[in-house]
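As recorded in Swiss-Prot:
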type: BINDING; residues: Tyr59, Thr60, Arg61, Gly89, Met90, Ser209, Ala210, Thr211; note: pyridoxal 5'-phosphate binding site
type: BINDING; residues: Tyr114, Arg376; note: substrate binding site
type: MOD_RES; residues: Lys212; note: N6-(pyridoxal phosphate)lysine
Amino acid sequence: MNDKHKNFGFSTRAIHYGYNALENNGALIPPVYMTSTFAFPTVEYGAGCFAGEESGHFYTRISNPTLALLESRMAALENGEAGVAFSSGMGAIAATFWTLLRPGDEIIVNRTLYGCTFALLHHGIGEFGVVVKHVDMSNLAELEAAIGPATRMIYFETPANPNMQLVDIAAVSAIAHTHNDLIVVIDNTYCTPYLQRPLELGADVVVHSATKYLSGHSDITAGVVVTRQSLADRIRLQGLKDLTGAVLSPHDAHLLMRGIKTLALRMDRHCSSAQVIAQMLQDHPAVEWVAYPGLPSFPQYALASRQMKLPGGMIAFELKGGMAAGQRFMNALQLFSRAVSLGGAESLAQHPASMTHSTYTLEERAKHGISEGLVRLAVGLEDIADLLADIEQAMKAMA
């Protein structure tokens, strides 16, 4: 880490880490290096770059000064050694899988996963000889029993998308590290490093869809991996350079760093509004249950209090009346937008059974915790009174 900034607080690092305006012609905002390639002063220097003996940049698919600043800043926020930036969260996840897994290896994943990650596992690496095992990671005995000689990776989200199930990061990491060469990879998109830092709890690799809260404005797609230097080097040179080519543009890296500067402020607002909405939903007669880590009624409330700074801006709840109720509620919303994704200023709502998981059979949805009346809210930054009023009028229209 940069000695000048490493001991500052979270928001100070998010704004300043790794950059000195006086070393950049006084430019307060880091310059954007919009170039695909870089000139070498000598042939010998170029040879050193290709051999990894020189630290200079030579092609943006591998490195770029704008991306390098973003990567170092994200590593500082996650308290990791190094970061690698990608053009999407799925690019980050795919590069991590393709780099660290080989045919014949096993990966153990939580039963509930983001739909595109599920597809990558079963229609991507699963078709190239990697064995995928699904377990309920809230059951540590089930997890431990699933680990075998070929297991190379444990992967999960916490909270899980979309049902908000938590996984005990420290406990899973402790189990994993009793086995040699077993890597724990965590998708930290829902929390960001402001709310949760998995590397500090024993995880080996953190992945993000930086499209979401890190960016915060729903105007780019991006992904980031943070891990130790040796793994980051492999993921960059194999997963990014050779296997996926999922390169983040310098302009989008600039926008992402701009969003990260206000991350703490935004997350505080997302969390405070979500807490109020979750309580309102819990008290509503049309709601069967609410899954929100900030509610004392949440089954994993104690775990949330241990490993998360705040409970986050995502809420899952079940409407009485199943599929029909869920669709009526969704169609009646006026301020919440019916859309996938999360983490922007705008509040979003989605009905997984009708939207993201509509291609699953009823049995498949039940297996993965996707019930018919499940609604997921991504609480934005609007005035809380307006959000509450929109939910209330949609409930009345649904009835």
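The first residue you see is number 1, and the count goes up from there.
Using N, Cα and C of the backbone, Cβ positions are placed for all residues, glycine too.
Remember, predicted model here, so these are calculated numbers, not experimental data.
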Spatially closest candidate among Tyr114, Lys212, Arg376, the listed recorded positions, to Met90 (pyridoxal 5'-phosphate binding site) (Cα to Cα): Tyr114
C-alpha spacing of Tyr114 (substrate binding site) relative to Gly89 (pyridoxal 5'-phosphate binding site), in angstrom: 11
Euclidean distance between Cα atoms of Tyr114 (substrate binding site) and Arg61 (pyridoxal 5'-phosphate binding site), Å: 27
Conformational class of Thr60 (pyridoxal 5'-phosphate binding site) under the three-state DSSP mapping: coil
Rounded Cα-Cα span from Lys212 (N6-(pyridoxal phosphate)lysine) to Thr60 (pyridoxal 5'-phosphate binding site), Å: 24
Same-chain residues at least 6 apart in sequence whose Cβ lies under 8 Å from Ala210 (pyridoxal 5'-phosphate binding site): Ala85, Gly89, Ile220, Ala222, Gly223, Val224, Leu256
From recorded positions Tyr59, Ser209, Thr211, Lys212, the one whose Cα lies nearest Arg376 (substrate binding site): Lys212
Largest inter-residue Cα distance among Tyr59, Thr60, Arg61, Gly89, Met90, Ser209, Ala210, Thr211 [record-listed pyridoxal 5'-phosphate binders, Å]: 24
Under 8 Å by Cβ from Thr211 (pyridoxal 5'-phosphate binding site), same chain, sequence gap 6 or more: Ser88, Gly89, Ser218, Ile220, Thr221, Ala222, Gly223, Ser341, Gly343
DSSP three-state assignment for Arg376 (substrate binding site): strand
Integer Å distance between the CA atoms belonging to Tyr114 (substrate binding site) and Ser209 (pyridoxal 5'-phosphate binding site): 11
